[in-house]
Structure formats: structure tokens, C-alpha cells
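Visitor: One structure follows; several queries about it will come next.
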Amino acid sequence: MSGAALVVVVVVVFFLALYLLQRYGDLRRQQRMVLLGTLLAWYLCFLIVFILPLDVSTTIYNQCLLDTANQRTPVTQATRSNQTDNDVSPKACDKPWSYIPDGILPVFWRVVYWTSQFLTWLLLPFMQSYARSAAFSRVGKMKTALIENAIYYGTYLLIFISLLIYVAAHPSWQLSWRELQTIGITAANTWGLFLLVLLLGYGLVEIPRSYWLSSSHGYLLAKTYFKAAKMATEKVEAEENLADVMEDVAAVNASVRQNHHLRKCVDTILTKCPTDYQEDMGRHVESPGGEQNAIPTKRSLINLHKKVISAVHRHAQTQVQWSILTDEAFHLEDVAKSQSSPVRQLTHSFPSAHHHEWYWECVFRQSFYRLLAVLLCLLSAAVVWSECTFFSTHPVLSLFAVFVDKAEKHHNYICIEMVCFVSILFLCVCVYSTVFRIRFFNYYYLVPHHQTDAYSLQFSGMLFCRLTPPLCLNFLGLIHMDSTISHQDRIQTSYTSIMGSMRVLSFISDGFYIYYPMLVLLLCFATFYSLGSRCLNLLGFPQYITDGDLTSDLENEGRELIRRVQGATGRTRDGYTEIKDSQGSPVTEIKNSGRI
């Protein structure tokens, strides 16, 4: 099995990253460079997470060999000469099934780590600005990307120079390439750890709670009504914004003649408009009223181009989300009606091929979700306890370190890998799921069903590349495999070896890395009492809180809205909802009547 486990993991993780990209991105329409950059960033980060347990088991095996060699009783030279090569390592140090030969992992980690850092600090920010630019030429897009990233690069350079001055001013240190490399890694990991704890504190509470609450169909249906009311508002706003932008495009289209030098830019803008608008504006080119409009400048056309791209994408995004949301509401209503069904079969509002779905929805689902929530809650409690006590090595208080230490004493490498894999996977789920859930207005928003824009995809890749290295170092600290924190004289993992000695900056290794993760406890309390959601509600951004008055109002609004949609729409074969042409949209009706 020498190296075979590494190959299997590399292949499996690639398809995992590709599946997620296919779910959130549009593989057919989005730029190939955007998809490739995002895929590579996600792939490298997931790869680090899956390979690290193999690195830990290999390191523990090498430590076992070293400890056995040091404790071996002196023997005569004659006895030594009679020993065979197979007798050098005793039976207690059986080679793990996933053992990776020496020399492979250090090279592997260097390639993976530095490639991910190049992506997150240099390539992806530039590609992000390039893809977001509305300039009409490649040179214009590159110029915009360089200007936007000048401040960003300058900020990171300022942090690096500050740490460099600190090291240079210390009398006992001499700067070398290795130390400069360590300073850069430390600066990047410090920034990542700051954000990591914020996201981790939210995920440790919200993930178990979401599964517990999701075991109730009543809660899911009420939350769906709430989301429907919010989405109805967003949908109407997107439609109105698109109509306003199309009016500006129509005015520009009428004012710029076919022989004008800016006509090519206008035609580019028209290609980004929906088909029905393109056909309508094509019939009114150079209308008599268009001559009264002033000729636009190229800068104004660039701004209009940017508005068109944003408005069209947001309109399509809300349409798809609305269809999926109404379909989910109809399904949950069907489940609620069928829970007391004597025939033990779901009564669907449309034909379904799932004849045995009733047993899952009405019998097993609640128990399964609550059991899963309890297990996740126990894992969260173990993480919080270990984050607050991992610096204590005598006695060992970190639960993950205790489990790994027990398995190490019994040379149970499979158990070591399973403990490491489950632990780091749970940490990653808490952090990564928060990255997929958070939303910064409409600038960053990961939407499934191929509705995520290029900017959000690349921003998520940047976040993953910045969060994964400090997350892995934090995990190695939890299991006492990082000598910088545990201060133990033992072999370091290959992953830790590429980070250099963090003791070059003692105020970070002995202070920030140890005490800052304890803040996760305060963030867990804040998340448990929904302080962030309550603050957003006060600021005018509705969030779902079970005891909130605004939540109750939007719930009732959404229930009425779904009822109107159900009566005014037809069902398609795939279960999505479409507005009939002969009837007005209930969203618009409610909007006009002042209900939203």
C-alpha cells in the first residue's frame, strides 16, 4: 500500500471539488479561467484536509521507530551482525497501511501549499477584478484589475514589512531566506486564524442546532414561509432594477448610430441583455426620439455594462431561487398533510415516483436528525473544550490529544487516522459551511443550482486557501503534534516542517496562537443567543428568529404568498413553479398592495 492511499485520496478529492463547482457554478457559461482557478483552489484546500491524517499516522510511525531505537539495550557487535534488516524495527512498530515513503510528503506539501498561497494572494484577486470588470477590451480589464488590487497588495505588504522590521531589530536574530519565508507564512496564517475563529464559533453552534430544528417539519415550513416573504421582495426589486437598467440601455441604443465608433460597445452591452429585451430594442434602433439623447461617453458605457451584467444575473438568480423555494414549500405542506395518513403514503400536489417516501419523512427523519444533532453537539463541546485547553501538556486536557495519545500507545494507526479524519473533517464542515452560508449583500453569495457569479466563486476560493493552513495548524496543536505549541521534543509532521519555526516570532507563537482560539467560547455563546441575527434585525436586515415579532409577520406574509402562488400557478414535470401568462404575479400584487 506504499503511496497507494495518497493516489486514491488525490483522485477522490478532485471529483469532490468538481462536483461542488458543478453545483454552484455554471460550467457551460462562465469563463474557463474562473472555473479553473476556483476548482484548483477548492481542490488544493480539500486535499490538505484529507491528506493530513495520513501525514499524522506516518509521523507517529517514524516516532515509534526512533523511540524504539533509542530504548534498545546495548548488544555486542557480533549479535548486531547476525540481525537481519527485518529485525531492525520491532513488531510493535508495524508499518501503517497508509504509510507514505520518506521524501514524498515534504515535496507534496510544498507544491500544494505554495500553489494555494499563490492563488489566494496573487492570481485569484487579480482574476476576480478582471472577471468583475465591465471594460470592453482585455487591456481595459487588466488596467482595472491592477488599480483595484494596488490597495489590497499594499495592505498585505505593510503587514509583512512591519514583521520584517520587528525581526531585523531583534539583536539575537539574523535574517535569512528561511526566516523571511517563515515571516510570510506567519503573516498569512495570523490573518487566517483571525477569521477562522469567527467562522468556527458560528459553525460549532449553528450546525448542530440547524439539524435539531430541521427535525421538525413545522419549523422547516415556518422558516420556508419566512424565506419566501424575503425572496418575494428581492425578486420584485430585481425585476424593477432590470427594467430600469433596460430603459437606460434602450436610450443608449437609440442615441448611438450604427456608424458611430462607440456602436461596438453598445452591441456588446446588448448581447448581455435578455433575449426579449434584445428583440424589442432591435425593432427601435435609431428611433426619432433617440436623436434627442446625448451621446454617451465610453466611461458611462462601461458603468452601464457593469449594471447590465449585475441586473441580469441577479434577475435570473432570484427567478431560480424563487422556483426552488416555492417547490420546497409545496413539498413541506404535502408532508404536513400526509403525517396522519392511514395509507402511509405522501399525497403529492404533483405526480411523484417516490412511493416509499412517507416512512422517511414521517417516521425516521425526525429521529435520525435529532440523533445526528446530539452527536454533532458532543463534537462541538469537545472542540470548544480542546480549544481552551490544548496548550496544557501536563496534564493533557485536550480530548483530541488524549484520543490520539491512547491510540499511539497501542500502535493503532487506523484509529489514529479515523480520529484525525473525523476531527478535522468536523472542523472543516463548521468553517466551510459558514463560508457557503454567509452573504455580504449581493457582492458575495454562494447560490446552488449553478447561480453563483464569478466574483463569489473566486472569493470563496481565496477564503478557503487562507483558512485551511491555519485550520490545519490549529488541529495539529489540538492533538499536540505541533512542537511550537506543545514544546515536546518529537518528530514533526511533514506539513509542519514547511511552515518553519514559528518561534521566530515569539509574541505570535506563544501568545496569539495559544490564547486567541479561546475566543471561540465567547463566539459560541453569541451564536447560541443569536446576537448577530438580532443585531441585523435591528439594522433592518430580517433574520429568522423564532421569538421575533418581525419573523412572525414575515411568516404570515410568506404563508399568504405561497397560498396565492399555489392558486395562480401550474406545476411543471420537475416540480418547479411557473407563473401563467394569463394571470398577474401574486408577488406584484402583494407588492402593490403594500404587504411587502
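Even glycines carry a Cβ here, placed using N, Cα and C.
All TrEMBL annotations are machine predictions without curation.
Got these off TrEMBL a minute ago, pasting:
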- 228-255: coiled coil (COILED)
- 574-596: region 'Disordered' (REGION)
- 6-21: transmembrane segment (TRANSMEM)
- 33-52: transmembrane segment (TRANSMEM)
- 111-130: transmembrane segment (TRANSMEM)
- 150-169: transmembrane segment (TRANSMEM)
- 181-205: transmembrane segment (TRANSMEM)
- 371-393: transmembrane segment (TRANSMEM)
- 413-435: transmembrane segment (TRANSMEM)
- 512-532: transmembrane segment (TRANSMEM)
Visitor: Could you tell me whether the transmembrane segment (181-205) and the transmembrane segment (33-52) are in contact, taking contact to mean 3+ Cβ pairs under 8 Å with a sequence separation of 6 or more?
Guide: no
Visitor: Need one number: mean pLDDT over the coiled coil (228-255).
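Guide: The predicted confidence over the coiled coil (228-255), as a mean pLDDT, is 92.
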Visitor: Might you confirm whether the transmembrane segment (6-21) is in contact with the transmembrane segment (181-205), defined here as three or more C-beta pairs under 8 A between residues 6 or more apart in sequence?
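Guide: In this chain the transmembrane segment (181-205) does not contact the transmembrane segment (6-21) - fewer than 3 Cβ pairs sit under 8 Å.
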